[in-house]
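Data first, discussion second: the structure below is written as structure tokens.
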Amino acid sequence: WEFNGSFYQPPAFLMMGIPGLEALHHWISIPFCALYLIALLGNCMILFIIKKTQSLHEPMYYFLSMLAVTDLGLVLCTLPTTLGIFWFNMRRIGFDACLTQMYFIHILSFIESSVLLAMAFDRFIAISHPLRHPSILTKTTVIKIGLAIILRSTVSLLPIPFLLKRLTYCRKTELSHSFCFHPDIMNLACADIKVNVFYGMIILLTTVGMDFIFIVLSYILIIKTVISLATKEECLKALNTCVSHICAVLVFFIPMIGLSMIHRFGKNVPPLVNTLVAYTYLIIPPALNPIIYSIKSSHIREALLRALWRKSE
């Protein structure tokens, strides 16, 4: 397409399914439906159990509830467009609708990163200062942390849609995914995108990047505390309370970092790899987190078994 220099904003974008496998979209939708169903049911189950079980009304599980709500939001953001492409080949999404979806996907991703940091802080206090834990992380403090997380994400990302709306776009309107992603939309522009690139990088580094650094620092301090414990059994017991959180951190951050690197530096990466990393980033964590916490947390597992036992009676 040739661009004549005048301002152009497309009325809609065209989303992409899995490149090269369009003929198999109906079959590919089966595992996606299974993952979405697991994510929806699993996170709703976590919220239901925590609400109904009085013994789980403590900071660790309040943060887990925030994580479950965030995962539900991510699932609901991407489910309509992803399954719309796989089932009905509905590739078109309006320009403003695309920016709205992109905004909420990024907000929820940043919130999830911050919640994982809050959970790391909770584990550090619980292991390093167990006697002061109830007085430090009160219910009011947890609520304030939750509000601060939401405020930080919404405010820091608020300029992104406006920075995209000011750009002039080429006639090419095909996105790389079945959802809207800031670097993907930005790369379709024919204008200078240095401001978008710079702002996006700064926000990513000062939010998600800092969250990851502080999570690592928290675990360094946790390990130092655990090493100082008297017996091996106490060490293992303390570390066992962190296993599920470590798994959730790895499941979230590894694909997120991979997708960011691909969009910024991987211009020669095959489209299929780009697509698979994107789906791994947005679908796998919401589906795996409830499973991880149900398996590793004895309190949630016992509460779930009690709920199932009552229903079977």
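Just so it is clear, glycine is given a Cβ too, placed from its N, Cα and C backbone atoms.
Per TrEMBL, the features are as follows:
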- 42-293: domain 'G-protein coupled receptors family 1 profile' (DOMAIN)
- 24-50: transmembrane segment (TRANSMEM)
- 62-88: transmembrane segment (TRANSMEM)
- 100-121: transmembrane segment (TRANSMEM)
- 142-164: transmembrane segment (TRANSMEM)
- 197-222: transmembrane segment (TRANSMEM)
- 243-264: transmembrane segment (TRANSMEM)
- 276-295: transmembrane segment (TRANSMEM)
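As a quick check, the transmembrane segment (276-295) and the transmembrane segment (197-222) miss the bar of 3 or more Cβ pairs under 8 A, pairs 6 or more apart, so the two do not touch. Beyond the transmembrane segment (142-164), the same-chain residues lying 6 or more positions past its ends with a Cβ under 8 Å from any Cβ of the stretch are 59, 62-63, 66, 99-100, 102-103, 106-108, 110-111, 114-115, 118, 182, 185-186, 189, 195-196, 199-200, 203, 206-207. Segment contact holds for the transmembrane segment (62-88) and the transmembrane segment (24-50), given three or more CB pairs below 8 angstroms at sequence separation of 6 or more.
Nonlocal intrachain contacts for the transmembrane segment (197-222), taken as residues 6+ away from its ends with a CB within less than 8 angstroms of a stretch CB, comprise 109-110, 113-114, 116-117, 120-121, 123-124, 127-128, 152-153, 156-157, 159-160, 163, 182-183, 186, 238, 242, 246, 249, 253, 256, 260, 264.
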